[in-house]
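These notes are about the structure you will find just below.
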Amino acid sequence: MSIDSDSAALFPDEVVTRAHTRLVEVPGLDGRVALVTIDNGHDHTKPSTFGPAGLASLDSALDEAFAAEPAAIAVTGKPFVFAVGADLSGMGQLSEREYAHRIAKAGHDVFRRLTESEIPTFAFVNGAALGGGLELALSCHYRTVADNAGAIAFPECFLGLFPGWGGTQLLPNLVGADQAVTVILENSLNQNKMLNPGKATGMGIFDIQLESPDFLEESLRWAVRVVNGSSTVQRAEIDRGQGWDDAITRAKEIAASKTHGASPGVNKAVELLELARNNDLDAGYAAETEALADALMTDELRAGLYAFDLTQKRAKKPAGAPDKSLANDVNKVGVVGAGLMAGQLALLFARRLEVPVVLTDIDQGRIDKGVAYVHGEIDKLGAKGRLSSDGVNRLKALVTGSLDKSAFADADFVIEAVFEEMSVKQQVFGELEQHVSPETVLATNTSSLSVGEMGAKLAHPERVVGFHFFNPVAVLPLLEIVRGERTDDTTLATAFTVGKKLKKSCVLTADTPAFVVNRLLTRFLGEVIASVDEGTPFEVADRALNPLGLPMSPMVLLQLVGPAIAQHVNETMHAAYPDRFGLSDNLRRFVDAGKTGVWTTDEAGNQIVDPEVAELWQQGDEPLSEEQVRDRALRALAEEARIMLDEDVVVEAADLDLCMLLGAGWPFWLGGITPYLDRSGYSELVNGKRFHQPGVASLPSS
Amino acid sequence: MAAPASATADTSSGPASAGTPRALRNVVFVDGVRTPFGKAGTKGIYAETRADDLIVKVIRELLRRNPDLPPERIDEVAIAATTQIGDQGLTIGRNAALLAGLPKSVPGFAIDRMCAGAMTAVTNIAGGIGFGGYDIAVAGGVEHMGNHPMGEGVDPNPRFVSDNLVDSSALVMGSTAENLHDRYPNLTKERTDAYAALSQQRYEAAAKAGRIGADLVPVATRSSESGWGLATADEPPRPGTTVESLAGLKTPFRPHGRVTPGNSAGLNDGATGCVVADEETARGLGLPVGMRMVGYSFAGVEPEVMGVGPVPATEKALHRAGLSIDDIGLFEINEAFAVQVLAFLEHFGIADDDPRINKWGGAIACGHPLASSGVRLMTQLSRQFAEHPEVRYGITTMCVGFGMGGTVIWENPNHDETAGGAK
């Protein structure tokens, strides 16, 4: 390989993973085992990855191993980590296809030495094995896995990529195409679901699972038995006919439903899996190499890597958050409102903060119902084994209800989840202030109302902060933390600290209507609805955004959010920005009629517009094409995002993207939204400038 | 927690009524293993390995080698360590039981008698078994002298000096060995060097015959510099050692002294463990019986000459057992210092090179990770018993820092009266 000398130039910031070869004597074996350790020299919080220098190190470690003519070669990782794949930050900086090709090929060339070795090769997967790490393991003849190994997955499709160092070829030929589709596509596109060692072993990815206390010792013993022939390894029969066909069909369905074909990387994964049917590594690896070199030079992938970086780094260090040392301790929480949202909040606070949580509402009946709901959810967690019986008892004891707000006297943090009406919320906060200390944080889960106005009448408005969750609260990771005009740093710091303990990714937003996610979604949905109002058929309008690969179509989104809530937010936005957020009489009629969705299914199971909806929706006679609807929606998004930055709603465009990734589930290949607006030209078209310089979330301009 | 009514009734009618008959039960050594021993320090094989992980490997190997032992039947895990802090702290027996994956119902404790820690773990458990408190238990010891140098964190009471309780040399083991030379002037450096060379040669022969390796559990050893390795053999032995090669070594404890690194054990890391059981329980489970415990004694001596400890401990144990030194066919004596072994042999009139003594060499060759060594002696004696059915009794004995000795007398269950030997 020739990459070593250039590697510093290619990957200037590579944290080099070194491979060390040691020749060890193992009882019962004639000859030695060349034991190769993959170790980047950091502890487990910085797992080992492969860049060009790392691959070169592995290559020379293998030189050393083969030169010793051992009885077996085994690869393992540093404590708790096997290897977690390619060095993504380096990959995201490659400027030439030629370099991308070299790295793609280098991975294959080095790993393949283990596959084609005449000497038996083993991977002892002692910990996390992701992407290229798992491909390294699959490249060996045999694999053991430790029962405490976390994180076994091919996360590539999640990033808009595909396993490119052998994964698409090796996995289906080891465990069958169907299971490979599950791991490579289904799991990855299902919020990057990981395998546990037992499950992965059951699938046949590993030959044997061994207990962690003496994993390496027992792996070596097992390897000796395999080498000596006293243990034989059973491998699944691979169905290369109908089974393979069915798997590819399923892969296409998954890709279609999860990405609408919008991710070239995911499409390529399906193609490569089809190619693997012949089990021809020369052809398969060549195709992977070319595809990887191509993919690394696409804007989609750069946007995916950018998005990944945001969720891994920016989400953990929220921009604009005050120093956490300013935060006050939160040892008791109050929840005002005992409805479904309040119940979800109470459960989350009790589980994550493990402090008393008191619910209140306007009458004892509602309170009892709210507490019973939370206790019921806690019981469900117990029944699922997510909580021990002691844990169930503990959490239930933490969640109580009180009609008397004096129960909040010693609460440090009170959140309201009452009806979305400014006067109601002001009244709640006013009443609370009679009971709580001046430092108690008063948080609102409002989705669109002004946080500043909510606190305006208080003696201590500086303790009011917006704390906007996304439904379902337990699932969606985003928390928009809203700084009102008078919110002080202590309150804000406390809010961020609480948000982090709730395991949410917090983004700071200004106190502007609907904050980030709802504002962008409302703007975009408003344009689609306006198109329908003007005469565009629902079918056309609702398909218009498919090329972006959003998690759901606009009308399905409307149904999920709830038309009444959407209408309410839209009214708020219209009041604030009447020029850009129009009101739809049709939507109002739709809400008034109590309709929840546009789509329904006919007797034959086909999706059709609900006839009642068709009836009440009065359309104009100026239909747009799909392309026109899309153009209109994207222009609107580009305009709104730019205005939001001009209004300082968030610190940077990256925060808008983080919100859309985590709060709306918008895909990695869009980079959230602004990288897509840049690369599709809408940023410059609408605003006269990009959100990011070329090279950020996109290819550098050459 | 309130006991059920029936249990309360049982306890009130049980021990409360004086004179409940008790049967003394036979205690047997089922099986023992150890890690390879390493050299303490940053270059040693265990430089980046934790002490608790060492003992965990031992416990798991005991279970692997004895599949007939149901883990939930283990009544106690008694683990010795001299320095009980850091990776040897947290009540090492309990800590190790949990880390080894034993059922949480299995208790454990930590024990300390310096070098005789593991030996004391065994005698302590044996007492409990004899009394009926346990049926079966794990006993062992660990010392990572790289992580825990001798004397780490000690704070001797100033009265030791002010009240002339002990000489300051009593705290330095090498100095106590020099003191022993003073006491027995005929134990010359030439004799200790000769003994040391013999120990190395015996060890080398035993290792070549596969006798040493058979009792070792391989340990994966981490090195952040060079990757994982596997310890499968003791690190300290120096094959090819001769009297001549020992002659010129330095005497770190006294100018022109007699005690050298060559005629004493080094500073080492390692762990040992064994299964000790009530004989009926062991036989009922189908477990092997390596040795039957006859008796044991510990004895104190002047701390300045702690190395003489095995002499009164052995006299006492023999007396209690009604045996004489002539009944003992095999000896495993710990070799903290050659002079201390020779003092023992001299006392009992046994030749320096008597073949019954440390047949496979001793700590001078393989190393002496303080609290772990006692069980190494026992494991080796049990293996030698199997090879020598003509021998009926053997002892394991060792000197202990701060002026003590400990001896356990064992009976060979393989002993065959017809095999010829009366002993």
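Note: Cβ is positioned from N, Cα and C throughout, glycine not excepted.
Quick look at what TrEMBL lists:
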ACT_SITE  B:Cys115  active site, acyl-thioester intermediate
ACT_SITE  B:His368  active site, proton acceptor
ACT_SITE  B:Cys399  active site, proton acceptor
DOMAIN    B:27-279  domain 'Thiolase N-terminal'
DOMAIN    B:292-411  domain 'Thiolase C-terminal'
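Projection of TrEMBL feature records onto the structure.
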| residue | record | CB count, 10 Å |
| --- | --- | --- |
| B:Cys115 | active site, acyl-thioester intermediate | 33 |
| B:His368 | active site, proton acceptor | 27 |
| B:Cys399 | active site, proton acceptor | 33 |
**Report entry** Overall pLDDT of the domain 'Thiolase C-terminal' (B:292-411), taken as the mean
**Finding:** 98
Query raised in the report: In terms of DSSP three-state secondary structure, what is the assignment for B:Cys399 (active site, proton acceptor)?
Result: strand
Report task. Would you mind reading off the Cα separation of the residue listed as 'active site, acyl-thioester intermediate' from B:Cys399 (active site, proton acceptor), to the nearest angstrom? Result -> 7
Query raised in the report: Between B:Cys399 (active site, proton acceptor) and B:His368 (active site, proton acceptor), how far is it from one CA atom to the other, in Å?
Result: 12
Query raised in the report: When DSSP states are folded down to helix, strand and coil, where does the residue listed as 'active site, acyl-thioester intermediate' land?
Result: strand
Report task. Could you tell me how many residues in the domain 'Thiolase C-terminal' (B:292-411) are helical, how many are strand and how many are coil under DSSP? Result -> 54 helix, 33 strand, 33 coil
